[in-house]
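Structure, as structure tokens:
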Amino acid sequence: MTDTRYLITLRGIVQGVGMRPVIATLANRFAVTGFCGNTATEVFIEIQGNADILNQFHDTLLQSLPPLAQLTSHTITEIPTRKADTRFRIVESLPTQNPATVTSQPKTLIPPDVTICADCIADMADPDNRRYRYPFTSCTNCGPRLSIIEALPYDRPRTTLKNFPLCTECTKEYTDPHDRRYHAQPISCPQCGPTLWLTLGEPTTSGSTLNPVAFQPVADSFVPFDPIANKAWASAHTATPRAATDTTIAQAQQLISAGQILAVRGIGGFHIMCDATHHEAVTALRARKHRPDKPFAVMVPNLETAHRIARLTCAEEEILTSPARPVVVAAAQEDFLTNNPQIAPGLTEIGIMLPYSPLHLLLVDRPMIATSANISGEPMIFTNDLAHRQLLETGIVDGLLCHDREIHVPVEDSVVVSTTVARRGRGLAPVPVDVVETAKNPTVLAVGGELKNTFCLAHGGFAHISTHIGDMGSYAAQQSFERAVVQQLSFQDTVPDVVVCDLHPDYATTNWAQRYCEKYDIPLMLMQHHHAHAVSLLAEHHRFSPGGSGVVGVIAALDGTGFGTDGTIWGGEIVKISADASMRRLWHLPTFPLVGGDVAVLHPWRQAAGLCHRLGIDFQPPASVPKAHSRLVASQLDSGVGVVETSSLGRLFDAAASLLDLAHHVTYEAQAAMLVEQCARDVRLPADFIPATSLAGVVEKLLKADTPRTIRAREFHRNVAALIAAELCAAAHAAGTTTIGVTGGCALNRLLVADVSQLCAAEGYELLTHQVVPPTDGGISLGQAVYGRLHFS
């Protein structure tokens, strides 16, 4: 019988997920010959045998993809047969494209870091397994990917594990087609893998206005910081690497139990961790990090503990236990926050997460604070050296739990509020979003905004949105941003045809984009902030198409701030987006003055004063405000000096928090708005409720002292929603579209979005919301990238 030979190519997230082992196993099962391998752009397969069997192989392969794989495209082509093959094998990766499949397509997609799988957990729990309690256990289906990849194609020599040669036993697994670790690049064991160690500092009050938690050293617990010295220490003090690990973990647990604060190096960076129920430890951590109120996330040992801490819905539990293992913000069990108010001061919700790495599985034996290890306003620390200098030597932490598997790409935790992605980090980034392609199909670098920064590289048919970088106010953050951009361009082996940045002239990202474009002679486009929000939402829902025309949607862009085309601060906008991603502003909340600009953001009473002044409503400053301050603000409102106009819904919520006597001063972004939402949650509207028809009416209802505060907060939500829904539906009708949506940071307010959705549904409209990218500023880079692609010429 005559043989047939096929060339099959697979593109998408196909490297670092166990694709080649699956292919080889299937090839042996079907008794066909040939080979498979990686290139920078794809997995390629040459396979030979009976044509019917080859077709069965192909169909079975598409139905048997590894759990972490995501196939975006594939081809199958008949090619000439070869006589040289006697079996099927995995061949070495090609550093460039397979000559047989030369293409201009982008490189292969990089898989995200994912949680340890059930099989590896079983290995760690088995005393007879050589990876028993091994803190770096992984296989083809789990573990680090993005954080360790240095270059493509994905092979061990191009990862940070290149300095850990496989031992004899690991090599056997790596070369055994029947083993779960067949061609698994990140694998290791206690004999050949990374090392874990604990370094303790000296008692200090540095960086703290309070005395630190009592220092209780554990006998013989100091390990030299130098990782080379650490290996010698482990050999001298313990019989085996496993015993050294067990000792280190036990000592770390003892320290945390005693109220110490440790920085723990995970897959993508350091967490600062302490016992969440140890009041003195959490209080000390707040003082050392200068973080008086912002809630901390809590890592719990298992799902049972999660349910004791939070009232999880089925959807929230599914997200919590997903391979991404994000922080999920959910309703707290009342007794837990009552007994531990220092975790989330003033709030009734809590951010929880499950252990995502083998190290965390071993370490976390109780609810532990797990907050990003960074100096306030700076990016997360991910190197041992920086952790030692900035965390240990300054007294922010009492010890470091380190390892020597280097992190090439730092990755923050993902955060999901109920079921809405608020931050794309570990497990979610850098999974790309499909984007519209055009005739010229330029590669676009979109640099995002100033807060919650991400950037986006639109290359080929994909938008590669970076992992969360953070706020860009510090030089360190700007360095991290530039480093991440350079890495992504290197991964994709490309340069941008055009760069898109925010319209705000003082954003660090805007200034960086201007310098970059001048240096490399690349066109620069500026895009208004809320315009980018709206296009991001529509792009996520694939509402742009090649050659499209007309209006694609009418969107409410609702957040705290954004530089408007008229020089005012926007944030309560309804905009019309056309098929070429151009924008027209249709409506906005009535503007009111902010006294002191950005300073007002930390003092909601100032926003309340400005709002009432504009509406002609008498305002009485709260008793906590010095009279000199209130007189100065009143004078500025009368004169207009030092005043900025805003249409921001976020600032309106801040003003409402003050008028409801919930918050007059805040210490972190959205704190006041969260308190207003919390006050209104689970409160029924009065049967005789009639919505306000103007902003003045909304504020007048807020000030009805004879109405319970919870009712006023609930009515405020409904009144604002009624204004927005009415304008959305009217604008959509006038524009001739049925596509409406809501985006921006205020879209994380579930009560507000539910009200808007319900009111729009009553008029026959379905409200689009974000499902993949954050509605916050972490999502605007996608909108910028799509705009750049559609407007490039």
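The backbone N, Cα and C atoms fix where each Cβ goes, glycine too.
If you check TrEMBL, you get these features:
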| type | residues | note |
| --- | --- | --- |
| DOMAIN | 5-92 | domain 'Acylphosphatase-like' |
| ACT_SITE | ARG20 | active site |
| ACT_SITE | ASN38 | active site |
| DOMAIN | 246-427 | domain 'YrdC-like' |
Cβ contacts of ARG20 (active site) (under 8 Å, same chain, 6 or more positions away): CYS36, GLY37, ASN38, VAL43, ILE90, HIS183
Number of Cβ atoms other than its own within 10 Å, given for ASN38 (active site): 25
Mean of the pLDDT scores, which run from 0 to 100, over the domain 'Acylphosphatase-like' (5-92): 90
DSSP residue counts for the domain 'Acylphosphatase-like' (5-92), split into helix, strand and coil: 24 helix, 35 strand, 29 coil
